[in-house]
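Here the structure comes first, spelled out in structure tokens, and everything after it is commentary.
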Amino acid sequence: MQNKLIVKKLGRQDYEPVWKAMHKFTDERTDEDVDQIWLVEHNPVFTQGQAGKAEHVLNAGDIPVIQSDRGGQVTYHGPGQLVAYFLINIRRKKFGVRDLVTHIENLVINTLKAYNIDSTARPDAPGVYVDGKKICSLGLRIRRGCSFHGLALNVDMDLSPFQRINPCGYQGMEMAQVSQLGGPSELENVEQQLIQELVELLGYDQVDIQATSNITAEA
């Protein structure tokens, strides 16, 4: 059972309830509980990471700003962006934190490669980039040997809210998205490719994919 993965496709959700459910799952899970990946599309929100500074939120306007406990600084989530939360027992997987970050970056790079999009990671700024533009943000937290939070991949979204912040603390950071680079505009398409790459890269033997809008965090 321990090398099984549950993938929950949660659809469109507000950020805060999902964040609280991640906490609950991580706080209550045992060494026997199966790892989970949650795939979700959030309603518009800015989230500040633990290193976030108020001055990097330039003009939030009508979009709420939520203080999160993930790594990194401020980013934007909104419709048309694929967010994946990695609820993984990294102690059981024998991953270090840097190993997990590298695996996630490679997962995104391989997913984009399937659409003939060449992308790279950067040693100075976690995430994935295409020609210097950021296409995927990444922020994690580890508690009790288990990860939570994850990645946000821009698929087919309104990128203009990123101009209201310094994304991940970088002034003038330009953003890219899959649909503008010849890839698909449907999140479902990208989800399927991401799951396929993830199972291969992280070495799970069995995958249970569940489509549900219920975010109760039972293993």
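Each Cβ is built from the backbone N, Cα and C atoms, and glycine gets one as well.
The active site, acyl-thioester intermediate annotation in Swiss-Prot covers CYS168 and is backed by sequence analysis. According to DSSP, CYS168 (active site, acyl-thioester intermediate) is assigned to a helical segment. Counting every protein chain shown, the Cβ of CYS168 (active site, acyl-thioester intermediate) has 21 other Cβ atoms within 10 Å.
Here Swiss-Prot flags ARG70, GLY71, GLY72, GLN73, VAL74, THR75, TYR76, HIS77, SER137, LEU138, GLY139, GLY150, LEU151, ALA152 as substrate binding site, drawing on sequence analysis. Annotation note: GLY139 (substrate binding site) sits in a strand segment as assigned by DSSP.
What Swiss-Prot records for 31-206 is domain 'BPL/LPL catalytic'.
For LYS134 (site 'Lowers pKa of active site Cys'), the same-chain residues that are 6 or more apart in sequence and have a Cβ closer than 8 Å to its Cβ are GLY127, VAL128, PRO167, CYS168, MET173, GLU174, MET175, ALA176. The site 'Lowers pKa of active site Cys' annotation in Swiss-Prot covers LYS134 and rests on sequence analysis.
Long-range Cβ proximity for TYR76 (substrate binding site), meaning a same-chain Cβ under 8 A and a gap of 6 or more residues, is found for PRO44, VAL45, PHE46, ILE63, PRO161, PHE162, ARG164, ILE165, PRO167. Taking a C-beta cut-off of under 8 angstroms and a sequence separation of 6 or more, ARG70 (substrate binding site) has the following same-chain neighbours: THR47, GLY49, GLN50, GLY139, LEU140, ARG141, HIS149. Within 10 Å of its Cβ, the residue among the binding-site residues VAL74, LEU151 with the fewest other Cβ atoms is LEU151.
Proximity of SER137 (substrate binding site) to non-local residues of its own chain (separation of 6 or more, Cβ distance below 8 Å) is seen for GLY72, THR75, GLY127, LEU151, ALA152, PRO167, CYS168, given in sequence order. Taken residue by residue with DSSP, LEU151 (substrate binding site) is part of a strand.
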